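What follows is a single structure, written as structure tokens, with notes after it.
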Amino acid sequence: MSESNNMHVSGDGAKQSVYTEKKRVKVYVLENNEWKDTGTGFCQGTVEERTIDDTQTAEKMAYLLVVDEDSDDQVLLKSRLEQNIEYQRQEETLIVWKDLNGQDIALSFEESIGCDSLCEYICFVQKNIESRISLVAVRSTDDGIGSVHEIITGPVNLPSNVPNQTEESLLEALKILNENTSFDYLRNETIQFVINDHYLATLIRSFYQSEESKLYRNLLLLSNIVKTLILFNSKEILEEMINDENFLCVCGILEYDTEFPNSKLNHRQYLKDKEPNFKEMIPISDPTIKLMITQNFRLQFLKDVVLVRFLDDQSFTFISDLMLSYQNSIIDFLQEDSNNFINQVISMYKVEEDSTVTPDKRRDGIKLLHECIQLSQNLNSIEKTLFYKFLIKKGLFQVIQFAFNMETNNDIRILATDIVVGLIEHDIQLIQSVQSDEVTLLNDENSDIDSTDMSLLLILTKILLTDKSPGLKEQSFQALVSLLDPEDYIVDDYQNHDDNIDTRIDNMLQIQNGKNHDGLDGERNHEKFQLAEYLQCFYRQVAPSLFHCFIDGSVNLYECDQQLLIKLVKLLNLMIQGHEASISRRFILENGILIRLISLASSDYILQLRLAAVRCFKNIVFLNDDFYLRYLIGKNLFDPIFEVFKENLNEDNMANSTILDFLKSLNTQLKVVEQEDIPLSGSKSSRNFMLLNKYICGRYGDILLKADYVSFTREMMAIYHEETQKLASLSTTETSFDENDNTTLEVEV
Amino acid sequence: MMKLDEIIETLRQGKHVDEDSIYSLCVMAQELLMNESNVTHVDTPVTICGDIHGQLHDLLTLFAKSGGIEKNRYIFLGDFVDRGFYSLESFLLLVCYKLRYPDRIVLIRGNHETRQITKVYGFYDEVVRKYGNSNVWRYCCEVFDYLPLGAIVNNKVFCVHGGLSPDVLSINEIRTIDRKKEVPHEGAMCDLLWSDPEDVDTWSLSPRGAGFLFGQNEVDKFLHTNSVELIARAHQLVMEGYKEMFDGGLVTVWSAPNYCYRCGNVAAVLRIDDDMTKDYTIFEAVQARDSGGNVILPTKKPQMDYFL
């Protein structure tokens with residue numbers, strides 16, 4: 001059986017074992033640059049074992065053996081796997097290599113599964129018999145031009161793991177580790193080495209020696225080695241770095257940085273002195289969870305402080321994902337009733353005063369709950385909802401109530417509001433459920449707190465109107481914006497996490513002008529109904545106090561906090577734009593709010609407020625609502641706006657731009673009307689804008705003409721004149737209404 | 001409430017300024033900014049600066065290398081925040097300078113000066129880490145809405161963060177934008193902050209998903225229509241600090257050296273003199289030191305005690 005020229009050892013006394021099944025294959029050899037077919041046969045991987053006489057040791061020799069398909073004793077190929085031969089798997093069915101004699105050989109398998117099995121065999125041989133051979137997969141790239149090489153198996157160069165590391169050995173280690181990041185195979189082998197051979201311990205030992213002997217170059221090398229290991233993105237390595245034994249040392253190594261060769265950070269000092277500690281308010285019995293809490297902190301510290309300038313996007317994501325897995329486990333733990341964790345926190349705020357709970361402990365509790373919300377930020381939406389519902393069910397709202405009513409420390413109150421904002425921004429329906437739960441609860445306990453489902457809105461209103469802290473005002477305002485934005489209720493697939501009120505209003509305008517909500521399905525209708533009920537409650541119970549200064553004529557607006565007025569104007573804007581006209585318009589018009597609102601555009605007020613009022617009016621106009629428009633025109637409410645314009649007519653400033661923007665938008669609408677070519681009797685939309693143009697040009701034409709630095713003011717006037725002429729010629733046509741007649745201001749509800 | 005000069009010194013050292021002081025600063029900044037045009041007129045000599053991205057110590061170097069705010073006029077082309085670890089201090093320092101020397105500094109809005117972008121790219125997280133809540137971020141975002149959209153130097157150099165817009169043929173048209181809003185996803189205001197120059201024949205889609213790509217044709221047309229000589233913009237990392245394109249009709253200025261603390265680029269500022277000559281100053285990232293001469297390595301503020 002040993003006819004191959006390559007055989008160095010005779011078959012005598014050799015024991016042959018077969019490692020693969022027979023796979024059908026064609027054998028080629030390269031001769032004169034051409035592949036020559038030398039026959040078809042069955043390929044197997046075999047190993048021959050032979051005792052070497054002088055040493056009595058066993059030697060194993062591995063072969064790729066191909067036997068002719070027609071005759072069992074006809075060997076087509078017997079090629080030893082030895083030394084540093086590199087086998088290439090090309091595409092699915094080809095194995096190609098050059099043997100030690102320089103002969104190029106190719107095996108072309110009938111099926112890829114055959115090729116798979118022989119490749120596995122090569123890997124087996126590399127691992128167990130001939131460690132220096134290698135197998136590389138070669139695939140052409142998608143564009144067909146280039147090729148990708150990937151090591152499947154082969155010798156792996158690993159750093160020296162001797163106890164006494166030198167500058168040379170560390171430099172070599174860094175070089176090797178960098179090389180090994182490039183292929184998955186080398187990477188995985190290196191990771192196994194680091195873990196199994198306790199390489200980190202070697203590095204740490206060397207670190208202590210180097211620091212003691214002030215071997216500065218070694219320290220920089222060690223730092224770079226640790227950083228390179230982090231880029232391996234291995235959970236095992238990372239977890240070894242952050243365990244109790246190693247974390248401080250790893251941070252120590254990373255204090256040295258080649259980028260800043262003349263200085264050293266002081267992470268160890270920070271960790272020891274400032275002690276950002278795990279404050280275990282409620283004892284946790286589960287050691288795995290305790291470990292995860294610590295590890296989560298340590299990873300955060302690595303990511304945000306120690307490695308902050310170093311991590312690439314991939315490693316950043318890797319660490320973030322690992323943290324997320326800890327966070328998920330921690331949140332899961334908190335929700336297990338058997339742990340009683342959240343119960344214990346929330347019981348500190350129960351109505352019956354527990355004298356053993358100190359104010360500081362209660363403050364810590366609020367910090368802890370705030371941290372729960374922060375910790376859950378990266379969870380997926382469903383997990384978050386479940387967790388928040390859990391907190392609410394356990395009585396989170398009682399804690400909030402406590403913070404609002406009893407707590408005096410502003411920082412803590414701000415954290416409490418932040419919790420509310422966090423819940424609302426995630427899912428507004430949550431608060432609804434809080435409120436209804438809370439109502440029952442409070443009623444049961446005969447509490448004297450106002451027992452309506454508007455209690456949260458009322459609290460927020462009170463903070464917004466009366467609290468001195470700008471931070472709390474800001475947050476309660478944000479919370480009210482979220483609570484009053486119907487988008488958050490109805491359009492559940494529309495993720496409006498943009499908490500800028502102006503953007504929200506822009507979105508609404510787009511929805512109103514473009515989308516039609518006719519096709520609401522049953523569920524939507526139900527939601528819509530609930531929303532209407534909720535909003536009606538708001539307009540009955542909350543709005544009158546929230547907008548008291550706009551309703552009560554005896555309040556001197558000039559004496560109000562103007563920053564607060566800006567926020568109120570923004571809220572009104574949101575309500576007018578976002579709530580069904582049938583609900584909001586009555587409140588707005590019956591209380592004469594617009595009259596007071598536009599008075600804020602007068603020169604008594606700061607410009608931010610004046611322009612906020614102008615923008616609110618602009619948005620009302622483009623609602624294209626007959627009632628509002630007649631009201632505004634009938635009461636000549638545009639006067640203050642054109643006062644602002646007159647004042648800034650020749651100024652190139654924000655006031656000027658804001659009004660130009662308004663006029664430009666109106667002119668654009670007029671052009672749409674013209675294109676539709678529907679004269680006076682046309683659609684509601686065209687009629688309203690033509691009407692407004694007529695009013696504006698008639699009343700403020702002289703101001704418009706002075707704004708000759710833009711073209712649309714002239715265009716508006718031209719349309720006005722054209723329409724007046726048309727009107728004159730069609731004297732029988734009734735004009736839609738008399739602008740000075742405001743007796744028809746019945747408001748539909 | 002701290003005094004302005006006191007705040008400036010605190011910020012220069014990268015130290016904590018209290019929430020209420022920041023609130024007052026932001027309200028004052030709004031009042032000042034709203035008197036500026038959407039495209040503010042600036043006289044020479046002036047130094048034009050590109051992206052800063054929260055690299056406070058490099059911003060201090062910028063001022064040191066270019067003569068300082070006490071004696072020079074500056075235009076900043078936006079992107080004060082995100083990426084770096086001192087977005088808050090960098091932005092507030094510029095705002096304080098604006099309040100202290102209103103005629104000597106113009107701050108133009110960049111595409112990062114928005115709520116949506118800062119929530120993703122670092123500024124929001126930085127504020128939450130430094131203050132435990134997001135209020136300060138909200139105050140700053142409110143100021144962003146008041147920042148002008150561009151500037152023009154001696155009627156000859158048009159300064160903008162991103163680039164041109166198909167909706168803006170003449171600079172005068174920018175005047176009719178009510179800029180006090182979150183940057184929209186499309187339209188003139190968006191394009192000015194998002195567009196990039198590129199070797200294209202006509203307006204093309206931008207891979208950024210907002211704004212456009214524009215080429216020599218658009219630039220030539222814009223320069224001619226508005227009789228300006230140069231468009232100075234930022235928005236794109238340039239390894240050499242600045243890059244002139246289109247026969248000198250446009251320049252990109254980048255002022256964040258070693259961007260993200262690892263890109264290895266140098267930074268530049270562009271000085272335009274009374275005779276309209278251009279002069280670039282190149283500078284590198286240098287090691288920051290505190291008042292005691294100790295080295296400061298840029299880093300995020302570590303979190304304190306934790307309960308979970």
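We number each residue from 1, going along the chain as drawn.
Placement of Cβ uses the backbone N, Cα and C atoms for every residue, glycine included.
Under the heading active site, proton donor, Swiss-Prot lists B:His112, citing similarity to another entry as support. Residues or ranges marked as Mn(2+) 1 binding site in Swiss-Prot (evidence: similarity to another entry): B:Asp51, B:His53, B:Asp79. What Swiss-Prot lists as Mn(2+) 2 binding site is B:Asp79, B:Asn111, B:His161, B:His235. Taken from Swiss-Prot, the feature leucine methyl ester applies to B:Leu308.
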Local Cβ density at B:His53 (Mn(2+) 1 binding site) - other Cβ atoms counted within 10 Å: 27
Please give me the recorded positions out of B:Asn111, B:His112, B:His161 that lie within 10 Å of B:His53 (Mn(2+) 1 binding site), comparing Cα atoms only. B:His112
Between B:His235 (Mn(2+) 2 binding site) and B:Asp51 (Mn(2+) 1 binding site), find the distance joining the two CA atoms and give it rounded to the nearest Å. 7
What whole-number Å value do you get for the CA-CA distance of B:His161 (Mn(2+) 2 binding site) and B:Asp79 (Mn(2+) 1 binding site)? 8
Are there any residues at least 6 positions away along the chain from the residue listed as 'active site, proton donor' with a Cβ closer than 8 Å to its Cβ? List them or say none. B:His53, B:Gly78, B:Asp79, B:Phe80, B:Val81, B:Asp82, B:Thr118, B:Tyr121, B:Phe123
Spatial neighbours, same chain, of B:Asp51 (Mn(2+) 1 binding site) - Cβ under 8 Å, 6+ residues apart: B:Leu77, B:Gly78, B:Asp79, B:Gly110, B:Ala234, B:His235, B:Leu237, B:Trp254, B:Ser255, B:Ala256, B:Tyr259
Apart from B:Asp79, B:Asn111, B:His161, B:His235, which residues in this chain have a Cβ no more than 8 Å from the mean position of the Cβ atoms of those residues at the Mn(2+) 2 site? B:Asp51, B:Leu77, B:Gly78, B:Gly110, B:His112, B:Gly162, B:Leu193, B:Trp194, B:Ala234
Report the same-chain neighbours of B:Asn111 (Mn(2+) 2 binding site): residues 6+ apart in sequence with Cβ closer than 8 Å to its Cβ, ordered by sequence. B:Gly78, B:Asp79, B:Ile117, B:His161, B:Gly162, B:Val183, B:Leu193, B:Trp194, B:Ala210, B:Gly211, B:His235
Check: same-chain CB within 8 A of Mn(2+) 1 site center, minus B:Asp51, B:His53, B:Asp79: B:Gly50, B:Ile52, B:Gly54, B:Gly78, B:Phe80, B:Val81, B:Asp82, B:Arg83, B:Gly110, B:His112, B:Ala234, B:Ser255, B:Ala256
Cβ neighbours of B:His161 (Mn(2+) 2 binding site) where a neighbour is any other Cβ within 10 Å: 26
Cβ-Cβ neighbours of B:His235 (Mn(2+) 2 binding site) (radius 10 Å): 26
